[in-house]
Amino acid sequence: MCAQYCISFADVEKAHINIQDSIHLTPVLTSSILNQIAGRNLFFKCELFQKTGSFKIRGALNAIRGLIPDTPEEKPKAVVTHSSGNHGQALTYAAKLEGIPAYIVVPQTAPNCKKLAIQAYGASIVYCDPSDESREKVTQRIMQETEGILVHPNQEPAVIAGQGTIALEVLNQVPLVDALVVPVGGGGMVAGIAITIKALKPSVKVYAAEPSNADDCYQSKLKGELTPNLHPPETIADGVKSSIGLNTWPIIRDLVDDVFTVTEDEIKYATQLVWGRMKLLIEPTAGVALAAVLSQHFQTVSPEVKNVCIVLSGGNVDLTSLNWVGQAERPAPYQTVSV
């Protein structure tokens, strides 16, 4: 694996050893109805059943355990991060396991259920405006005040390596898999998965999926350079509002085969399909990946890509904000970038 990347496959292997005793081996489920709709064999990696309700515990726990020194006296005074909710919950849970205080910078617009969950796990919440600039500024201030160590939600190498353990499990659970489809925000999960897949089974495709309202990953691939969102994105998929960053971009640029964008209606439709057909209460961010596969444009993907694994990234749903339920129409075509 090229030395220009922030992690190697060896880091993912170490992460697997580091965290496997404290996370769930999440199931892979199928749906014959969704297979018929998609025209492919779909396999759903159910990270909504993971501890803290999303895949984020993998990276958070790997990062926290990497901070634990040989002597208790050297333990960090605190850990700090910014998060729309899921990473904040995961980091707080992981830090609590090791007896470390956690401070989470949360956008004021984050779902209420996620804010309450972060508090329930024992973190101190600090609010910020829903922009990358505000998050970074407030995070730096809290780090100075607490003398805490930053655990970035998607650019920290230990976090990326932890998320890559998803792919290790998928290759064992679905040995004939042809492709993985992963929702992308900051890119930690898709980068970790891409590193793992291309090291172990490079013929398997890795596709990223994101809202068209937050399409920095698509734009970056299109232009061949890192192109962050200029304005705070408006999307119901709150877990993928962040832009990809300096550590995830090179991996995405080189190892992710395609980036698909989907509309808000497509996300709503796909999310409700999973609710109705599979009886799984996923959050809209998890619906982004299925929305990509159900789009007409995905039909241009080779029919040889028959067995497709979709990562259902989380299930932390704010039930009080579901005023859009029943409003979505069937998906329409969307964009893709081929490399």
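Counting begins at 1 with the first residue displayed.
Even glycines carry a Cβ here, placed using N, Cα and C.
What Swiss-Prot lists as active site, proton acceptor is LYS56, SER84. What Swiss-Prot records for PRO69 is Ca(2+) 1 binding site. Positions annotated as Ca(2+) 2 binding site by Swiss-Prot, on the basis of similarity to another entry: THR81. What Swiss-Prot records for ASN86, ASN154, GLY185, GLY186, GLY187, GLY188, MET189, SER313 is pyridoxal 5'-phosphate binding site, and it gives similarity to another entry as the kind of evidence.
Feature map: Swiss-Prot annotations on the structure.
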residue : record                              : Cβ contacts under 8 Å, 6 or more apart
LYS56   : active site, proton acceptor        : ASN86, HIS87, GLN89, ALA90, LEU91, PRO153, GLN163, GLY314
PRO69   : Ca(2+) 1 binding site               : LYS75
THR81   : Ca(2+) 2 binding site               : HIS87, GLY88, LEU91, ALA102, TYR103, ILE104, VAL105, THR139, LEU150, VAL151, HIS152, PRO153
SER84   : active site, proton acceptor        : VAL106, PRO107, ALA110, PRO111, LYS114, ASP238, GLY239, LYS241, SER242
ASN154  : pyridoxal 5'-phosphate binding site : HIS87, ILE160, GLY185, GLY186, GLY187, GLY188, MET189, SER242, ILE244, GLY245, THR248
SER313  : pyridoxal 5'-phosphate binding site : GLU47, LEU48, SER54, PHE55, ASN86, VAL182, PRO183, MET189, GLY239, GLU283, THR285, ALA286, ALA289
Compute the centroid of the Cβ atoms of ASN86, ASN154, GLY185, GLY186, GLY187, GLY188, MET189, SER313, then list the same-chain residues not in that set whose Cβ lies within 8 Å of it, in sequence order, for the pyridoxal 5'-phosphate site. LYS56, HIS87, PRO153, GLN163, PRO183, VAL184, VAL190, GLY239, VAL240, SER242
Across all chains shown, how many C-beta atoms besides its own are within 10 angstroms of the C-beta of GLY185 (pyridoxal 5'-phosphate binding site)? 31
Widest Cα span across the pyridoxal 5'-phosphate binders ASN86, ASN154, GLY185, GLY186, GLY187, GLY188, MET189, SER313, in Å? 14
Number of Cβ atoms other than its own within 10 Å, given for MET189 (pyridoxal 5'-phosphate binding site): 32
Least buried of the binding-site residues GLY186, GLY187, GLY188, going by other Cβ atoms within 10 Å? GLY186
Reduce the DSSP letter at GLY186 (pyridoxal 5'-phosphate binding site) to three states and note it down. coil
All-chain count of other Cβ atoms within 10 Å of ASN86 (pyridoxal 5'-phosphate binding site): 31
